[in-house]
């Protein structure tokens, strides 16, 4: 079918080209990492977050102890490493944020929008957790920890200091099940003040101390991302390395406690019969998926500030394996202390083991009160959580700011700091509902639904769009251009089939095994559940919405429109002229050589016999390359 002739870019007068040149002026302004280790440490800081401390150890312990490491590392190989590398490659090759990167196939730009929505929701509640950590951090600056004893105004008569008088057998005289530890009442009745709320529908009043902690958390984050990666790239030298120092101190302290081995046995004794159930494999995949932060756009954003030939292949392995080792180490630090605690209280380890906020804000602080120098250890523990959480939070915000400024570079890039400030203020205001008496209910709702099935759909879409629509051959050729070698069979097999299939299995599993959210004994009402599901669906719906917009922008029949919208944009490729080789030579707006004619002649048809020959040659080269790849 012969289309009406389209004027190739070069034959246009500058006025026809519209605003294209404006972007070119500002492209240099985007900035890069300033130091050698900035990128690596930012990635480590982003991947190693709170989940490594409070999710992994508990997951391992409930899913077969040491045996859990088998599915864990297998899933790391199948859907951790390949997806991590895919996202880094996309970002580094194009030097664009998660929205603009979809020049690779404008049809799927909705996936970028979905990423932003998910990251926005996560950033709102993640900073609230950092606010709780700050609250405890300040509370630890005393000679006696406030959650050590009963008898404060927030305690009830059910409160029992579990180190009560023991009878001669060393057994506690009271029935423990009906009592609560002072640390639990401190958390729920003083910090959260959850008794002031009837449920998620009546959140009650704002807790001013939490409100101020949240403000402080946002101020810290804003100051760190003020100059983009120039400033956050320096802060991570501290926030990414310091947790390791503290973790080591807690580890040594924990392992030397009496009863520590009891806890570590619980954590690591392999129970291989667990490996026969699908649940364990799913849990392993989920753990990998969430702890690497694939699909949030953070990796893509960080990689987009790299120079074109940075060795991200090596970095992928350093970060993913480092993340796994950190999780395992954190398990030792947590479970050795839990073992000591279970010995002190005379209850089995599984009664004190918890996951999530319950571990960080109830169980571990309670264990701290039993140690000599307790405020010091408590301060260290919460300082570790603070540094672990902060650099993940930088990444979330950097992602949002970068994505939007890359969409509107002409207006926003010069005003990036102001824009970052506005986003921080807006997210602080949205997070205020989390500082109310019933804020914890909202936090649980956000945590359960914001990045659940929506995130998987986004990652599956990204994976398929890059490998099937853009083409795995072309993608491998791009990586070859960037790193000097083509990804091997392992990566290609994972990208084409294994990773999407695993994620699809995860998605199906999470829908089939769906359980409504709860917090303790509180069950969420139906409307709240619906709200949560809609939150997840909204991010999925961004993808078809984006497709609709892309198709409406094209001309022709529906099929032609789809084909046009799925092709890479004219200026897709490396952002700097000097890195544009091969098929990308001079397809940037404003470049001064006749090459775009040849590259995009496939669309237009030749003008002279010389150009037609050039197209034939181009086509032959492409065919030869594809045959050699097979």
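The backbone N, Cα and C atoms fix where each Cβ goes, and this holds for glycine too.
Curation does not apply to TrEMBL; its annotations are automatic.
Pulled from TrEMBL, these are the features on record:
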type     : residues                            : note
BINDING  : 45, 48, 52, 291, 323, 388, 391, 392 : Na(+) binding site
DISULFID : 150-159                             : disulfide bond
TRANSMEM : 69-90                               : transmembrane segment
TRANSMEM : 111-138                             : transmembrane segment
TRANSMEM : 206-226                             : transmembrane segment
TRANSMEM : 235-261                             : transmembrane segment
TRANSMEM : 281-305                             : transmembrane segment
TRANSMEM : 317-341                             : transmembrane segment
TRANSMEM : 376-397                             : transmembrane segment
TRANSMEM : 418-443                             : transmembrane segment
TRANSMEM : 449-470                             : transmembrane segment
TRANSMEM : 490-512                             : transmembrane segment
TRANSMEM : 532-552                             : transmembrane segment
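Here the features listed in TrEMBL are placed on the structure.
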{"residue": "45", "record": "Na(+) binding site", "Cβ contacts under 8 Å, 6 or more apart": "236, 239, 240, 391, 392, 394, 395"}
{"residue": "48", "record": "Na(+) binding site", "Cβ contacts under 8 Å, 6 or more apart": "240, 243, 322, 323, 326, 388"}
{"residue": "52", "record": "Na(+) binding site", "Cβ contacts under 8 Å, 6 or more apart": "291, 323, 326, 327, 330, 388"}
{"residue": "150", "record": "disulfide bond", "Cβ contacts under 8 Å, 6 or more apart": "159, 160, 161, 182, 185"}
(request) Look at every Cβ pair spanning the transmembrane segment (449-470) and the transmembrane segment (376-397), keep those 6 or more apart in sequence, and say whether at least 3 of them are under 8 Å. (result) no
(message) Considering only Cβ pairs within less than 8 angstroms, which of the stretches 281-305, 317-341, 418-443 has the most against the transmembrane segment (111-138)?
(response) 418-443
(message) Among all protein chains shown, how many Cβ atoms are found within 10 Å of the Cβ of residue 391 (Na(+) binding site), not counting that one?
(response) 25
(request) Please work out which recorded stretch in 281-305, 418-443, 532-552 has the most C-beta pairs separated by under 8 angstroms from the transmembrane segment (490-512)? (result) 281-305
(request) Six or more residues out from either end of the transmembrane segment (206-226), which same-chain residues have a Cβ under 8 Å from its Cβ atoms? (result) 127-128, 130-132, 134-135, 138, 191-193, 232, 235, 390, 393-394, 397-398, 401, 417, 420-421, 424-425, 427-428, 431-432, 434-437, 439
(message) I need to check the long-range neighbours of the transmembrane segment (532-552): which residues 6 or more away from its ends have a CB within less than 8 Å of a CB in the stretch?
(response) 106-114, 117-118, 121, 445-446, 448-450, 452-455, 457-458, 461, 517, 524, 558, 561-562, 565
(message) Just to verify: the residue among 159, 388 with the fewest other Cβ atoms within 10 Å, which of the recorded positions is it?
(response) 159
(request) Show, in sequence order, which residues other than 45, 48, 52, 291, 323, 388, 391, 392 on the same chain lie with their Cβ within 8 Å of the centre of the Cβ atoms of the Na(+) site. (result) 44, 46, 47, 49, 50, 51, 240, 243, 326
(request) Test the contact criterion for the transmembrane segment (281-305) and the transmembrane segment (235-261): 3 or more CB pairs under 8 Å, pairs 6 or more apart in sequence, then answer yes or no. (result) no
(message) Suppose we draw a 10 Å sphere around the Cβ of residue 291 (Na(+) binding site). How many other Cβ atoms does it contain, all chains included?
(response) 24
(request) Tell me the Cβ neighbour count for residue 392 (Na(+) binding site), meaning other Cβ atoms within 10 Å of its Cβ, over all protein chains shown. (result) 23
